[in-house]
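**Q** My questions all concern the structure below.
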């Protein structure tokens, strides 16, 4: 019987297997002189060779051609041993490999096929980038070139010097046809690169490629995969104002409240960048409006801090707690007043935010506005009825803090039409009844000492 071995001696087909294969093969095909091709196809299948690897059969010293023997079952019973010879790839330093990379980059499919038939190694590595020709094709969006390289045996998950695969390159550049091909070929959808630890889905979300995101989600890419910053693809989309991608990812099962390494949710990131569209998309998906970051910022306090009236309104309309304090026990109104945002301060006051709420130091929003010296928020708070006589834990009222900081405009606003209470007067060492006129020279002296110059009030 006939058996087949590699030149190394490894047995590919035993005599018994050959006999069974002969029985199973279409005898009409074999008898028509196609035995040689049929056996080569079977060997290529067993060796997992691509169509570009040339495989020859030899009997002794003779290389067999299409006119090989055994056109009948009886002839196939002879005690012959065939040797399968696989034509080796070109040497790694062969200049034709450089041409392979050029063809992949330019999309010259005809030239690429000729080079693979030399045969160039589809897994030859470009030393400068540690990448394959497949990376070049994916980066440029040459889907048919990529398909041929994969059929030739290119490693679909090979990493370049930055840890990026061909799928990273295709996703980053929005080449959805190449992405679809790699998804169909079961490439690793969740491999992280070395630069930021991004997956292909991070790349597509960051760049806003909706078709690519759709294909990756169809392929079951992990929406919760974190990069080195602890950020999932939804964070990448939110911070880049990709509101359509935000919607896609949430519908694809992404955790809308997932925190990154700093405890920030996608909602925090969108607010921090003052991006109302991703905020709308996340609120529509019922993102948590009260989750605090590691710094203690709630979404509303963060929006108040960046002074974005549109986002503040969106959060209030979605039901955010207008008086929820952050980690520093400051309400959104404290934050808005401290940051000097008259518009946000007014929006919160119109929403009936508690204007005299005290933080752990006993200070109200008016104290904070006085400390920072922003006149418009002070006036808004006073117009809304904020109490000028509230003492903090150290016994200071708002005007005390304004004077100590040398905020003359704030002092003037706070002193206008103001009557001090008995408690306030006692704090200042003045023996006067409730609602007595404030002693302006008292604050003039504080302003003078804080600035080293004469002030008159």
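Placed from the backbone N, Cα and C atoms, the Cβ positions cover glycine too.
OK, TrEMBL features for this one:
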- 129-161: repeat 'ANK' (REPEAT)
- 162-194: repeat 'ANK' (REPEAT)
- 196-228: repeat 'ANK' (REPEAT)
- 229-261: repeat 'ANK' (REPEAT)
- 262-294: repeat 'ANK' (REPEAT)
- 295-327: repeat 'ANK' (REPEAT)
- 328-360: repeat 'ANK' (REPEAT)
- 361-393: repeat 'ANK' (REPEAT)
**Q** Near the repeat 'ANK' (229-261), which residues from the same chain, at least 6 beyond its ends, have a CB less than 8 A from one of its CBs?
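**A** Counting only partners 6 or more residues beyond its ends, the repeat 'ANK' (229-261) has Cβ contacts under 8 Å with 196-199, 201-202, 204-208, 210, 213-214, 217, 223, 267, 269-270, 273, 275, 277-278, 280-282, 285-288, 291, 293-294.
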**Q** Counting only residues 6+ away from its ends, which parts of the chain sit with a Cβ under 8 Å from the repeat 'ANK' (262-294)?
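**A** Distant contacts of the repeat 'ANK' (262-294): 230, 234-235, 237-239, 241-243, 246-247, 250, 256, 300, 302-303, 306, 308, 310-311, 314-315, 318-321, 324, 326-327.
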**Q** I'd like the per-state residue tally for the repeat 'ANK' (196-228) from DSSP, helix first, then strand, then coil.
**A** 17 helix, 0 strand, 16 coil
**Q** Tell me the residue counts in helix, strand and coil for the repeat 'ANK' (229-261), as DSSP assigns them.
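**A** Going by DSSP assignments, the repeat 'ANK' (229-261) contains 16 helix, 0 strand, 17 coil.
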**Q** In the repeat 'ANK' (328-360), how many residues does DSSP put in helix, strand and coil?
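**A** Each residue of the repeat 'ANK' (328-360) counted once, the result is 17 helix, 0 strand, 16 coil.
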**Q** For the repeat 'ANK' (162-194), provide the mean pLDDT of the predicted model.
**A** 98
**Q** Count up the helix, strand and coil residues in the repeat 'ANK' (162-194) according to DSSP, in that order.
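**A** Per DSSP, the residues of the repeat 'ANK' (162-194) fall into 16 helix, 0 strand, 17 coil.
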